Structures are given as C-alpha cells and as structure tokens.
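Enquirer: I have a structure I would like to understand better, so I am pasting it below and will then ask my questions one at a time.
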Amino acid sequence: STMRKKKTTDSPHSSTDLSEGKEKLRLKQEVGLISGVSLIAGTMIGSGIFMSPEWVLHHMGSPGSSLLIWAACGLLAMFGALSYAELGTIIKESGGEYIYILRIFGSFPAFLFAYTSVILVRPAGLAAVCLSFAEYAVAPFYPGCSSPQVVVKCAAAACILLLTIINCLNVRLATSIMNIFTAAKLLALLVIVVGGLVLLAKGQTQSFQNAFQNTTPGIGAVGVAFYQGLWSYDGWNNLNYVTEELKKPEVTLPRAVMIAIPLVTCLYLLVNVSYLAVMSPSELLSSGAVAVTWGDKVLGSWAWLISMSVALSTFGSSNGTFFSGGRVCYIAAREGHMPDILSMAHVRCLTPSPALLFTSAVSLIMIISGSFTSIVNFFSFIAWLFYGMTISGLLYLKIKKPELPRSYKVPIIIPIIVLMAAVYLVLAPIIDQPQIEILYVILFIFSGIILYFPLVRFKCHSRFLQRVTLHLQLFLEVAPTARDAN
C-alpha cells in the first residue's frame, strides 16, 4: 500500500530490537556534547542575523526596543529548548514535535503537524534562507542600489537546485559543506562584532542616544517583530530531532542547550550593537542587506569579504536545513502518516532523494510566489502554533504523569511562560493586523483532515496510488531502506 500503519524498515546504519512483538528502531548513538552544541549553534546561526535586524527595527521603531526584542527572543528560545530537553528525556525518540505530539495527543494532530511541516514549514524555511543567500550573493554586482527581485529569485532557485544535487548524490559531501560553512559564518560574525566594538570605543554612539524614541506601540507590532527575531533563533529545538543518536541523551540534551543558546544570544546582541554603531536607524532600515552596508562603511575596499562570508554562511545554513529536512518526513512515513515513496532511499547513493526532491520542488514554488519577510511571518506563525501544542503536552505530562521516569526536570513556570508566549505570538498579529494569508494558512492546516480519514484512519488506498509509487520507484531508482541484519 502507499501508506502503512507502521514501517518495518530503517536505514542500513540502524539497529532493530524486537520487544513484545513491536519493532523499536534504535539509531547509533554517535552525537556527543560538542557535536550537540555545534548542531544547535550551527543551525541557529544562519541567515536571520544578516536579514532580520532591519525588520525588527522596522516594526519596533527604535534601537533600544529592537535590542530588547533580540534579548527576549534569546530568552524565549532558551526556555523553549529547556522544556524540550525534559520532553526528550521522557520520550527518547527522534522526530521532535512530531513524535511528541504523536505519543501525547495521538495520531490525528501528529498527522496534521507532519502534513503541514513536510508540505509548508520545511520548504518555507529553506526558501527564506535561500532568498537571503541570494540577496548577499548578488549584492556586490549592484553597488549602491537594491538588487532586482528577478535576479535575487533566480539566484535563490539556483541555490536550491545545487543543494538538491549535492544532497541527493553524496551524504559525505553534504556534511563536509556544513562543517566548512559553519566556520565561515562564525568568522563573519566575529569580524562584525570586533569592528563594531572598535567604533564604539572611538565614541560612535549616536544611535544609542534616546534609544527608545519613536518606539511603536501595539501588541501586533511586537508580535511581528518577535517573528522576525525568532526566525534568527530557529533551530533551538534541532537536537530533539536526533534524540536516538545522542550519547547519554538525558545528560547531553540539557547541557548542549545551556551552552549553545546563551552563546548565540550574546553573539546576536553584539552584532546588532555593531550594526547600530556603524549605521543610523534610518540607514539600517533602507539597507537591503545589512551586513553588506556595514562592510561598505567599515571595511571599504575589503567589503566584498563580508558579502562572501555571509553568502557562504547562508549557503551552509540552507544546506543544513535541507540536509535535516527529510527527518520528519521519514519518521512520519515510518508511522504510516506519509506516502512510502518519501521514506525510500536511492539504491546506489543511499540518500533520501524522494523527500529531498519533494522539498526542493515546494521551496521553488515558494520562492517564485513569496518574499523573505512574508515567508518568515507565515513560517513563524505555524511553527509557534505547534510549539505551543508541544509545550502544552509537556505540561500535561508534568501534571498528570509525574511518575514517568525523567532524568531532567524543568521548573513548571518555564513551560508556562513559553506556552503564554506561543499563544501571544499566534494571536497578536491576527488580532492587531489581520491578514487574509493567515486564514489561508489555517485552512491549509485543517485541509489535512481530507487526507487523514480516508488514507490514514480507514486506509483507503487506490490501485492508482500504488502504481504511481511503483513508477516513481523505478524512475528515481529508490527502494525501502533495508533493516540491519544485526
């Protein structure tokens, strides 16, 4: 059939245990503390810090309030990650929100999450990162003016196609690119931080005088500013997607979170201070690529280094997003919530090429039809809707199932704060600045009902779907991944 209740396959690098007639898939535990910190920080530091500062400032109206938003976003990401750390020590399975929602709330809401994530959220995240890569990649060719949108979108599309080829052909090449480009992004941020601190020491503090003047009031403005800021912190929950691969997850998960997120928050605040030390608020708002404008003012003829570093950084981040994008897809297919074809691998390259090709195709559509800021807003709206559901699941387990074994406990006030923030982030823009697109997003989420009942609940699979799956297998040269014989 095209969908199965429970997949009986796993990757060749996994082991399988049979217990009480049920199959439990155990991935090799190879991710330690340093790797965990790198995974969180490397995913978080992507395109956001180079694109979002102008939008946070645009919605908040003043440098002081925008810096407060950046600090609050870091604190919220920290609280969310600590809450997820407890969930990860109770439910020691990979898959992040999907597996937590499935185990706590059941099949239907988990399917809605998987459906929305695979078709909308993951491709939207990739599209936004690739658009920011394109802005910086083409900026040096259009000095002193904004780059044409057609050129930017073509460059973003080329980025996605290149990533698709790399990730479909060779896993080792994809991971090597991820490691190299992480170094590039850290170098770019350190150059910006040091340059800004030098200018501050020389007394260039005009942007910080009357720092809160012109602050925009209104819950909607704060909510949308949070969306743009939190986009830069997205990835704080990435370690929960690989829980089965962590060494001592009960120790590694909370420790990695406590190291990585404060580190990234401090870097982000220092980078924003550096931007404001070099540019006035009006200059920052008029900049299409903030870091490039910073480079023009501080580095002069060496400004191209910033453009190159940021382009490399965002390319590496988009590669990481693309590389991990198939994980929810695979696990959802394993649980019978996605078509079999999306959990298959290429017979020679051993890469999840169907899931990667699907993500690539949807991302290309989003690039053609959307802009960076609109994609980020709708991405954040959906993400925090499901973050809120996951955190409410943790509160349910803390209150109703306190006897469940857990090696790490977060104080109950922290998930309560995160849940309140999630409710605010979902409702504030709807109440204050309602947009018809948000209604479309909500309708899309619930359109999953049309697929869930016939295909998952009642397992009505037509012969046509089976034939399509077979032809796709032959065309793409893919097959279900074999279980480890051991």
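Yeah, the Cβs are placed from backbone N, Cα and C, and that goes for glycine too.
TrEMBL lists these features:
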type	residues	note
REGION	1-22	region 'Disordered'
TRANSMEM	31-52	transmembrane segment
TRANSMEM	67-87	transmembrane segment
TRANSMEM	99-118	transmembrane segment
TRANSMEM	154-174	transmembrane segment
TRANSMEM	180-201	transmembrane segment
TRANSMEM	256-278	transmembrane segment
TRANSMEM	298-317	transmembrane segment
TRANSMEM	354-372	transmembrane segment
TRANSMEM	378-397	transmembrane segment
TRANSMEM	409-431	transmembrane segment
TRANSMEM	437-456	transmembrane segment
Enquirer: If contact means at least 3 Cβ pairs within less than 8 Å, sequence distance 6 or more, would you call the transmembrane segment (180-201) and the transmembrane segment (298-317) in contact?
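Expert: Per Cβ check, the transmembrane segment (180-201) touches the transmembrane segment (298-317).
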Enquirer: Residues of the same chain, at least six outside the transmembrane segment (31-52), with any C-beta under 8 angstroms of its C-beta?
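Expert: Sequence-remote neighbours of the transmembrane segment (31-52) are 77, 81, 128-129, 132-133, 135-136, 178, 182, 185-186, 189, 228-229, 231-236, 238-239, 242, 245-247, 252-253, 255-257, 259-261, 263-264, 267-268, 271, 289-291, 310, 313-314, 316-318, 320-321, 324, 372, 376.
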Enquirer: For the transmembrane segment (67-87), which stretch among 99-118, 154-174, 298-317, 378-397, 437-456 has the most Cβ pairs under 8 A?
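Expert: Answer is 378-397, with the largest number of Cβ pairs below 8 Å.
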Enquirer: Go through the chain and flag residues at least 6 beyond the ends of the transmembrane segment (437-456) whose CB is under 8 A from any CB in it; none is fine as an answer.
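Expert: Distant contacts of the transmembrane segment (437-456): 2-3, 107-108, 111-112, 115-116, 120, 336-337, 374, 378, 381-382, 385, 429-430.
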Enquirer: Going along the chain, which residues at least six beyond the ends of the transmembrane segment (409-431) come within the CB cut-off of under 8 Å?
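Expert: Same-chain contacts beyond the flanks: 76, 79-80, 82-83, 85-86, 219-220, 222-224, 226-227, 230, 377, 380-381, 384-385, 387-388, 391-392, 394-395, 398, 438.
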